[in-house]
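As written in TrEMBL, here are the features:
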| type | residues | note |
| --- | --- | --- |
| DOMAIN | 86-166 | domain 'Cadherin' |
| DOMAIN | 167-275 | domain 'Cadherin' |
| DOMAIN | 276-390 | domain 'Cadherin' |
| DOMAIN | 391-495 | domain 'Cadherin' |
| DOMAIN | 495-617 | domain 'Cadherin' |
| SIGNAL | 1-24 | signal peptide |
| TRANSMEM | 622-643 | transmembrane segment |
Amino acid sequence: MWEGLRLRVLLLCLGAVLWSSAVAARSRGPQDRGHRHHHPSIYRHRERHKEGQVLHRSKRGWVWNQFFVIEEYTGPDPVLVGRLHSDVDMGDGNIKYILSGEGAGTIFVIDDKTGNIHATKTLDREEQAEYTLTAQAVARDTNKPLEPPSEFIVKVQDINDNPPVFLHGPYYANVAEMSNVGTSVIQVTASDADDPTYGNSAKLVYSILQGQPYFSIEPHSGIIRTALPNMDREAKQEYDVVIQAKDMGGHMGGLSGTAQVKITLTDVNDNPPKFAQGVYAMSISEDKVPGEEVGRLKARDPDQAENGMVDYNVLEGDGMNFFEISKDSETQEAVVKLKKPVDFETKRSYTLKVEATNSHIDPRFLSWGPFKDTTIVKISVEDADEPPTFMAPSYNFEVEENAPGGTLVGRVHARDTDIANNPIRYLIPRYTDLEEFFTISPEDGMIKTTRQLDRESQAWHNISVSATEIGGHHQDAKVRVNIKVKDVNDNAPEFATQEEVFMCENVSPGTIIKTVSAVDKDEMAHRQHFHFSLAPKVANNLNFSLKDNRDSTANIMVIRRGFSRVVQDIYELPIEINDNGIPPMSSTNTLLIRLCSCDSKGTFLSCNVEHLVLPAGLSTGALIAILACIVILLAIVVLFVALRRQKKEPLIVFEEEDIRENIITYDDEGGGEEDTEAFDIATLQNPDGANGFLPRKDIKPELQCSLRPGMRPVANSVDVDDFIKTRISDADNDPTAPPYDSIQVYGYEGRGSIAGSLSSLESVTTDSDLDYDYLQSWGPRFKRLADLYGTKDSADDNS
């Protein structure tokens with residue numbers, strides 16, 4: 001078998017070589033234009049050019065164009081592709097053949113002695129259809145080219161080794177239901193990797209393996225079409241179709257491939273809506289409010305999306321005014337709702353005729369019948385314990401202000417609409433009448449005032465009245481009652497604004513200085529206006545006059561000239577205002593007129609009252625002199641304070657340390673005047689002054705303050721007392737003393753005190769017969785001690 005195959009390949013190669021050689025020789029002709037001849041020896045052929053130039057070229061002794069090798073060869077031996085031979089090859093082995101190019105050395109090998117080319121690997125035309133190689137004959141010993149290299153092509157011959165493949169499967173397609181026969185659904189296409197130009201390896205034919213008799217396919221184009229009429233989506237919506245593509249023109253031995261096609265029937269409006277029942281029964285309680293849902297019904301349409309949308313409307317019935325129908329867009333149901341309140345005692349049942357129609361109708365199917373349906377809805381009204389019902393939705397009453405308590409305002413009335421007709425009790429909820437202006441009779445609903453009402457404080461009172469049935473479920477109802485307080489003329493008018501009027505001293509007589517108006521808290525009747533007049537006590541004044549404009553305003557005019565602020569700067573003009581009401585009310589209001597200094601154009605310059613500010617007998621020049629003196633004194637004080645703050649050293653300079661803000665406290669009682677170990681009095685003195693030397697700066701104090709009479713020590717005072725007073729006097733009266741704060745507490749009783757010891761150690765066992773009256777002369781520092789002992793002795797004497 002393989003021997004025959006090799007022989008056939010060899011014959012094909014040789015035939016191709018001979019055929020290409022003949023074609024090349026015929027195409028060259030006498031001019032030798034082929035450039036594909038290889039001759040064993042190189043001949044120099046001289047050819048004279050037009051200009052005398054000699055050209056040289058080599059003649060070739062053999063020609064080939066291309067070789068062929070069949071693909072997918074799996075034999076044990078390499079496939080012989082062809083043989084190369086040169087005319088210069090004498091068979092002595094001096095010629096070596098060299099092969100280069102695509103696949104040389106790996107796929108294609110050459111016998112360098114014989115020139116035989118073999119394919120060592122299995123070739124696949126679908127991977128590479130041809131290979132370009134270059135052959136050359138060289139000297140074996142020197143590798144010197146004996147002929148120029150020549151290029152040739154090795155083509156891989158195709159065999160039917162690839163089945164058809166659907167590259168885009170599985171496929172999904174849609175077609176409308178009820179489509180005509182032959183309606184195009186989808187086109188499928190398969191691909192074959194074999195060579196379409198060689199044989200029938202890539203010639204495909206399509207057929208249906210699954211999906212008949214509903215669909216068919218065109219064998220050569222792959223277009224799938226409907227094969228049956230009136231395919232109904234509601235009966236079957238999806239179809240699974242299997243398509244086969246077979247090569248070799250569909251003949252026996254060809255390869256094939258399949259693809260899945262899922263075809264879905266899309267919906268059209270070919271079905272009318274249909275109610276499941278001919279009569280629907282519903283019920284509703286009479287206490288339901290409008291908008292309450294009564295019930296639902298639905299007409300079913302097997303179509304989808306907009307084809308299955310249904311609209312509902314009421315055609316006729318005695319309940320059309322009490323009920324309405326809307327559509328739930330999510331569930332496509334008809335919702336019956338209460339439109340007006342129903343009353344069980346008035347009517348107990350209603351009937352509605354409801355129609356369902358398609359929103360979108362396909363005109364192709366109009367002949368199939370009307371796309372609508374009707375049904376009857378019966379609604380029964382159920383009895384309920386209803387709250388009382390007021391005869392009016394709201395009440396409006398009026399009452400005069402200042403009417404005495406107990407005045408009748410009006411009456412509200414409610415009744416129980418149930419068959420039981422229970423009695424009603426009325427009540428005003430306190431949250432609607434917090435100040436309890438009104439009261440209501442529980443039995444008959446009569447509303448009365450509890451005290452006088454003031455329209456100016458509150459013109460309207462909006463309260464609620466609750467009616468509750470006695471018995472049953474104690475149902476209640478509320479109604480709004482609006483009470484208007486009618487106005488009574490009980491307020492006097494007054495100025496609209498309370499402000500001063502400024503007038504120039506040089507005002508001319510007849511000038512209007514102010515137009516006054518009034519306001520009244522009471523309501524003004526139509527064509528009612530205020531009347532203005534001067535109060536009787538100033539009716540004949542010589543300064544101002546009043547003119548009533550009869551439009552609720554009045555003009556104030558000046559009737560003389562020569563006003564002076566020095567004489568009088570403010571004028572009070574009482575004006576009487578009458579409202580002309582019933583009963584008439586009037587009031588007297590005072591208008592303040594202040595004089596001002598003005599220029600010749602009437603511009604205000606100053607309205608200050610000079611004669612109240614300046615003292616009597618002082619001129620303006622004197623006032624300016626006084627102010628200048630005050631300013632100079634203030635400048636001197638500020639300068640003195642500034643100089644004092646610039647001093648860097650205190651007047652008292654201590655040698656070792658500067659004692660500041662020292663607090664010395666002695667809590668030891670001591671042993672009396674004989675105890676000299678308690679403390680040293682030297683610590684109370686200036687450490688430098690104790691030695692008789694008090695260093696000072698070379699600045700003599702400018703002021704010498706003498707000891708005040710009240711500070712002179714009294715008789716029988718000890719040296720410590722005198723020392724304390726002296727130090728205090730020096731600190732209080734020395735202007736050059738540093739501004740330091742020093743607090744010292746002296747607990748020393750003194751030496752040689754005639755009062756003896758103040759200790760309680762001896763006084764507890766001994767009664768003293770000393771006279772303590774002299775303590776009164778020791779001054780305020782011993783006042784507390786004198787009060788304690790002197791008071792006791794005085795009390796003993798009195799006893």
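Quick reminder: no glycine exception, Cβ is built from N, Cα and C everywhere.
Residue counts for the domain 'Cadherin' (276-390) under DSSP, split into helix (H, G, I), strand (E, B) and coil, are 10 helix, 56 strand, 49 coil. Residues in the domain 'Cadherin' (86-166) partition by DSSP class (helix H, G, I; strand E, B; coil) as 0 helix, 36 strand, 45 coil.
Per DSSP, the domain 'Cadherin' (495-617) is made up of 7 helix, 53 strand, 63 coil. For the domain 'Cadherin' (167-275), DSSP puts the residue distribution at 3 helix, 47 strand, 59 coil.
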